[in-house]
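As recorded in TrEMBL:
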- A:77, A:100, A:101, A:102, A:108, A:196, A:197, A:198, A:202: FAD binding site (BINDING)
- A:97, A:98, A:99, A:100, A:108, A:109, A:110, A:111, A:112, A:180, A:207: dUMP binding site (BINDING)
- A:207: active site, involved in ionization of N3 of dUMP, leading to its activation (ACT_SITE)
């Protein structure tokens, strides 16, 4: 950090995120993610949680433990006390998926006010795949090289000719709001996107999932890296209890119970599971839990 | 109504909306709006308001008066007690504006799961206009006929050739989620859109405004007609206190005050203004209001 | 149903919920839950889902299967297409917990407009318990009978004397908005509460949980019964994949894996697990899943 | 500011708000408002707006002008790009009004986890008033001194005896979640409350209004002062176009038109109205506007 350009503040900071502030992280061929601003850090989560729990929380007195406890029990409001603002450039079809996350603030580039720029997403050859046979919404094996190249060529040529016509009509005075309706869904757009940490985790869980479209997954991956710098404790808890957790249905629990060894191992340290969680999991597996 | 296909219900109904239920109202060249379901009517607004005001509301005892009172004072929660569900087909660039209204429920056609249909919005000649010189986001005078026709021809031809390529690649097995990224913003999409009456009024006010893009305005117009059937009293209040109301800034109020006649007319009946509103407006105009 | 008081409608109905419409179900000593109105049923969920999946969903062609699929994969938007409106009477401390669910519409009785009624929640003897030693937010064993009775007597007497003073000051002309600040948190209030099915399920999951306070749990229980009448298929899926499901953290999954028998049973029918879910669970348990 | 305790940051700061950060501003007898953290300043609003308007906004090139333009036209999303987090202590009846603003993040002190403190709001003598005869939800003239004193005495005594009993039962082991139900609505509670600037302006407009209850108005007043330090340009625009603006219904506009002098003054500078707004207002008053 160039300390001459720094401001002074009484606010809490996240040292490691400061180093990334304002940096553009490239995504896909011409997109990027850039952190514009943020509020709070791991301690801000703890601080808010302690308002709720007040004097009653003597037992969960360590920050990491408290953050894991909150995440594990779905106490989501303290995570809402952190906020982050991104500047993102993405293809319109990605923006359309993105915007479905309603609990966020958005300012998108307007093609009614401004001229659309000549920037289109052209997928890499190995990302141009066959329709998946097992996943009706996804892609499967790679297309034959030649066919994939044909698709790239078609896209490139089509984008160019559409943009040429767009420019020509704009120059003749056609209203921007009409001219742009010819533009394809792989045209790049930009937005400022501001969200709280709880809703960002929800976004990251859904959009980094293997069922999410490849292109938006790439944005989620970069954003996960950013979040791991910003709030490392919360991110660790997110991985443990959200992203890499699995939900078993009532029937699946029965199935698991019937397939357990006679005697369960009690080496909880080996798995890094806390004492209370270990008890709960064991009770769940043995059917000893109450309720 | 074909009474043989009717269900029986204890729920309140809106007789005039029932007649429109399930009907497709055409919008633009290939779009439509269709009411799928609704909850509540004018009386449901009154009923909810009376829970809030309880026994204290003896004086506002008529439904119409109460509804106007609520709208005039921005008491919006009773209007949230009515809900409506539309099935709408619109071009993607319209859907992108639509979806910015976050307080609504949405299920949109997925081009990851399903094949996109060959339906594109081609504007009428007289809707293909010059960029407005006074409104940086809008359109102004009509383009010369020939140029407008050129744009239509370009759109039609471009849409056709893009769709042919889309179909060709789909047939060769290309994943739908990739193939569709070539599609233009004037491709039609469909969604179920469910919203409460308060948020619908907000949508209608913004999207029927002259600054809204022509295409989404056409949807708002049809939906206004539907709403006027559904909740005629609330709609009348919406026109009076929201859609056709004007907000004067603090400075503009000063300006108006200085330009009033010496003596104000007191013929409030002539304007159909209620006694209390008349007093408030007069006090505001003469600066006699307390605050 | 008294068929003479019924309205005719083209809307879909839920026959079994119609029978409960308008009925007051008692909760606690003086509270109630009453369904005022609803929109949609199980078929409305399916209908909305099919808009999203369009022609691509030939394989999930049965309603029940589709609803279970949606719930299992967290495809929540089709459940938002159903809406229900309750009239609820509950103590203020319950209302304070209730209102934290932000995605809902609310009209609450206003003690600024109206006189508060003399109705207070007095817990049953066996619900007056010791502070839990294991759950810092809950109650544990029953208090000694005599002490519990003392608390009831204190509450009853205190409520009575507060209400007498409230009435006395109101009669002398004290503003209602001030007089009511003396009222205790066990005073009953009422509200209209309208919510979509997805958010209602979320409410029911949290508020029927053993960690939720007993009093709000009683409301959740009654509402679950109502929901089971309204949308039986969705409710069944909710029980299976939400309410009685369990989430295993990343570490807990490792622990479970190490404690499984050498060979897993393949009797999936015995557990009523669908083929695809069975594969997924098995892969998860054996670590064979890809991601 | 004690510069030794300051952090360094690349983020934008609001110098004048920094001076207030962490300070407790007293409200009512025992309440307070304290800014815990913030994100953004006036320039952050401008920056986000320019993403939307891109290169098309050459003409609105000054920050103040742009911010006024945005506020005047209801372009609210750029204001959502600023966020502020308060720590607030208020009586429960105020918290109940506060929480109705749903678009905010909240962590409230939990009386299930923690012991309630002995702090109650006792209104000043001159705030104990008669029920208003003109405003069914408000207070009017001051009560006779003696009666007001009686109410204070009753409150004080009742609060004390309730708290004594609360303490006694807590000490005997009664669960906190039950013991607290006897507490009155004038008991103080605390919360962290985080909100974006657009929704904060909405809160301030409603809660500083003369119809809002006196007690919550006092909080709104302090918060307005804070906001005027934080984002002075946006606050100025808020005063002009929101707080001190007035909305005329369609009928009221007709009434005003008929009561204007023959010839309108054209001294717009005198009123500090911008050229475009002046044209719009004049057209509205003379009925010359197109729509």
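Backbone N, Cα and C define each Cβ position, glycine as well.
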For dUMP, whose listed binding residues are A:97, A:98, A:99, A:100, A:108, A:109, A:110, A:111, A:112, A:180, A:207, the greatest C-alpha pairwise distance in Å: 29
Residue A:99 (dUMP binding site), number of other Cβ atoms within 10 Å: 17
Filtered binding-site residues - A:108, A:197, A:202 - keeping only those with Cβ under 8 Å from chain D: A:108
Per DSSP, three-state class assigned to residue A:110 (dUMP binding site): coil
Neighbouring C-beta atoms (10 Å sphere around the C-beta of residue A:112 (dUMP binding site)): 22
Per-residue Cβ crowding (10 Å cut-off), top of binding-site residues A:101, A:202, A:207: A:207
Near chain B - the binding-site residues A:77, A:99, A:110, A:112, A:197, filtered by Cβ distance under 8 Å: A:99, A:110, A:112
Secondary structure of residue A:77 (FAD binding site) (DSSP, helix/strand/coil): helix
Other C-beta atoms that fall within 10 angstroms of the C-beta of residue A:77 (FAD binding site): 21
Cβ neighbours of residue A:97 (dUMP binding site) where a neighbour is any other Cβ within 10 Å: 18
C-alpha spacing of residue A:99 (dUMP binding site) relative to residue A:108 (FAD binding site), in angstrom: 10
Number of other Cβ atoms within 10 Å of the Cβ of residue A:108 (FAD binding site) across all protein chains: 20
Shortest C-alpha distance to residue A:207 (dUMP binding site) - which of the binding-site residues A:77, A:101, A:197: A:101
Farthest-apart CA atoms of A:77, A:100, A:101, A:102, A:108, A:196, A:197, A:198, A:202, residues recorded for FAD, distance in Å: 27
Structural state of residue A:99 (dUMP binding site), classified by DSSP into three states: coil
